[in-house]
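Worksheet: the structure to be examined is printed underneath.
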């Protein structure tokens with residue numbers, strides 16, 4: 001039986017779904033409501049499977065399945081994108097939003113069918129509910145999608161199935177089912193988009209920074225899969241294996257990834273990147289400033305490790321210490337959002353590639369830095385890093401960057417959306433950088449009244465809401481492109497709901513909260 005925190009978490013997600021449904025009110029939003037109802041019931045089955053150890057793969061055990069909140073993210077993002085692009089009259093991206101929503105619903109249904117199928121005895125009522133919801137969604141897709149769009153949706157589903165079988169086997173206890181749905185669903189969609197665009201290259205069409213994101217994500221994932229298979233047959237900790245790792249990274253990067261990017265942007269990727277980074281004086285100033293912040297973050301890591309005495313090897317960094325990095329990330333993103341969002345977009349992609357590459361070095365114990373990274377980062381582990389990978393810092397980067405990457409630039413002719421939509425790129429800053437940080441700091445130091453069934457406090461949540469409202473006011477002062485058009489009540493409701501979700505969710509909040517805040521702002 002679901003416990004109270006999961007029930008409250010589900011209630012908050014239902015409220016967000018109903019908010020979106022009330023604004024959009026079309027057949028896609030009705031499908032989202034049907035998906036939410038069946039995901040709520042199937043979540044019972046996933047939680048029971050996790051408790052009994054009956055799931056097919058080994059998932060993260062310190063959290064519930066998170067199926068409902070994760071199932072709604074991609075469909076709601078697609079619906080919100082469809083509405084924004086429809087109002088802007090951009091038909092191509094309106095159709096793209098429909099494909100995103102349909103893909104998210106189908107992938108979520110696939111996870112639900114797995115849970116129902118391996119539950120013994122077979123839950124008849126849940127099977128009927130899943131069948132009804134699936135029938136509604138498939139019927140709507142049949143009458144909404146063209147043949148090519150249906151093929152695209154099925155391609156993403158196929159990629160998701162194969163990635164799930166491979167990565168969930170190779171990376172036990174790294175994800176909950178909900179987190180796997182979000183992460184692997186996103187990677188599957190990126191794979192599909194890159195394949196689609198590579199097969200239909202038209203010179204001069206498409207933004208190079210979008211291609212850069214697609215190639216970088218697919219490149220680092222393929223790199224990881226290649227070395228995982230390779231090091232099954234080799235000891236990755238030897239100098240010979242380490243030299244081979246660096247050599248093959250160079251070969252794959254220069255021989256596969258660079259030519260692939262060249263085909264898409266029709267110019268030398270290195271020359272384009274250097275020209276892009278140093279195009280204006282503002283960009284040079286930002287790069288120097290970000291280099292200083294990166295050095296400061298490294299300084300925090302070294303300083304905290306220096307404090308670790310030999311008698312206290314099990315010492316872990318406190319919550320407040322980990323939130324230093326949240327403050328540094330806010331200081332990194334806010335100037336980029338105000339002065340040059342395209343540079344921030346590209347810099348975030350580069351940072352993601354570097355983070356994942358360093359995690360490969362740590363995970364495979366690649367010399368000369370693998371063992372050092374293991375020692376330095378072990379201080380900052382928490383209960384969410386229960387698998388072989390350390391992902392919390394990557395999730396923090398993703399939470400801040402996804403609203404920037406997913407911002408529908410083509411549907412915002414003046415570079416920004418109207419009303420609360422103008423805050424979409426700031427969703428990560430508000431939800432994670434400000435809200436989550438303030439909630440953790442104030443809740444752990446001054447909080448006394450706990451939310452029922454959780455360790456989170458009422459004081460932490462209230463200060464988080466208050467801090468985000470102050471942050472919105474500061475954004476209005478310093479970013480002249482933001483015009484909220486009297487949508488203050490909607491912003492307050494959005495911030496409050498997402499802050500409540502932070503208090504009750506056991507999923508990776510750095511990943512989940514910015515996406516829900518972005519959905520609320522976009523609709």
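Every residue, even glycine, has its Cβ placed from backbone N, Cα and C.
Automatic, uncurated: that is what TrEMBL annotation is.
These figures come from a predicted structure and were not determined experimentally.
Taken from TrEMBL, the feature transmembrane segment applies to 12-41 (among others). Within the same chain, residues 67-69, 71-72, 75-76, 78-80, 82-83, 98, 101, 105, 108-109, 112, 125-126, 129-130, 132-134, 136-137, 140, 144, 493, 497, 500-501, 504, 516, 519-520, 523 sit at least 6 positions outside the transmembrane segment (12-41) and bring their C-beta atoms closer than 8 Å to a C-beta of that stretch.
Residues or ranges marked as transmembrane segment by TrEMBL: 61-80 (among others).
Remote same-chain partners of the transmembrane segment (122-141), defined as residues 6 or more beyond its termini with a Cβ less than 8 Å from a stretch Cβ, comprise 27-28, 30-31, 34-35, 37-38, 41-42, 44-45, 102, 105-106, 109, 112-113, 116, 150, 153. Annotation comment: TrEMBL describes 122-141 (among others) as transmembrane segment.
Summarising the annotation, TrEMBL assigns transmembrane segment to 153-171 (among others).
The transmembrane segment annotation in TrEMBL covers 211-232 (among others).
The feature transmembrane segment is assigned by TrEMBL to 244-262 (among others). Same-chain neighbours of the transmembrane segment (244-262): 198, 211-212, 215, 219, 222-223, 226-227, 230, 234, 236, 268-270, 357, 364, 366, counting only residues six or more beyond its ends whose CB sits under 8 Å from a CB of the stretch.
Annotation source TrEMBL lists transmembrane segment at 324-339 (among others).
According to TrEMBL, the transmembrane segment annotation covers 345-365 (among others). Residues 209, 212-213, 216-217, 219-220, 223-224, 227, 231, 236-237, 241, 245, 249, 273, 276-277, 287, 290, 336, 371, 373-374, 377, 388-391, 393-394, 397-398, 400-401, 404-405 of the same chain lie 6 or more positions beyond the ends of the transmembrane segment (345-365) yet place their CB under 8 Å from a CB of it.
Residues annotated as transmembrane segment in TrEMBL: 386-406 (among others). If one looks beyond the transmembrane segment (386-406) by at least 6 residues along the same chain, the residues whose Cβ comes under 8 Å of a Cβ in the stretch are 60-62, 77, 171-175, 213, 325-326, 329, 333, 337, 341, 344-345, 348-349, 351-352, 355-356, 359, 362-363, 377, 380, 424-429, 431-433, 508, 510-511, 513-515, 517-518.
Look at TrEMBL and you will find 426-446 (among others) tagged as transmembrane segment.
Sequence annotations record features per position, and here TrEMBL assigns transmembrane segment to 458-478 (among others).
Residues annotated as transmembrane segment in TrEMBL: 490-517 (among others).
Counted over residue pairs separated by six or more positions, the transmembrane segment (61-80) shares at least 3 Cβ pairs under 8 angstroms with the transmembrane segment (490-517), which defines the two as touching.
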